[in-house]
Amino acid sequence: MSMSDDDRDIDIESDEDGDSDTGLGSSRHTNTANFTQAEKRAHHNALERRRRDHIKESFTNLREAVPTLKGEKASRAQILKKTTECIQTMRRKISENQKDIEEIKRQNNIIAKQIQALESSNGDQFSEFLSDEEVGSEEADDEDLDQDFSRRNKKMKTFHA
């Protein structure tokens, strides 16, 4: 029994659904047992070309994701080296930011306790401080409030330095 041309089609569909470099993630595999040696070689070459194209595209995507390499020509070794450096820098920044967040949370807790202590010890005096005259005044100078906030903000920033 002879095979038709349709039966001999070689599956070289892209491996977009699978995330495998070897092409094993594909759900369709071609049985090459009935192919000639030349057809098997052509099939193997097509698979290898697809694998190389996938690797090349992955390196291009990686190069474009690294700020110091974006738009630059770079060897694969340079791409890997700069990517590693970028990841290490990002990890360091994340760690520093997490420490800053913890410090700010700690400062917020201290300030909240101070506010609570002031409110409980000076309940009557606090109410007098916020009299209708001061709170209700439409002509309160917003710049003074902004400057006061700015000074407090600067103090907080230098507090842990």
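Indices start at 1 and increase along the chain as displayed.
Backbone N, Cα and C define each Cβ position, glycine as well.
Among Ser14, Ser58, Ser137, the residue that Swiss-Prot annotates as phosphoserine is Ser137. When Ser75, Ser131 are looked up in Swiss-Prot, the one carrying the note phosphoserine is Ser131; the rest have no such note there, which does not rule it out for them. Confidence over the domain 'bHLH' (39-90), given as mean pLDDT on the 0 to 100 scale, stands at 95.
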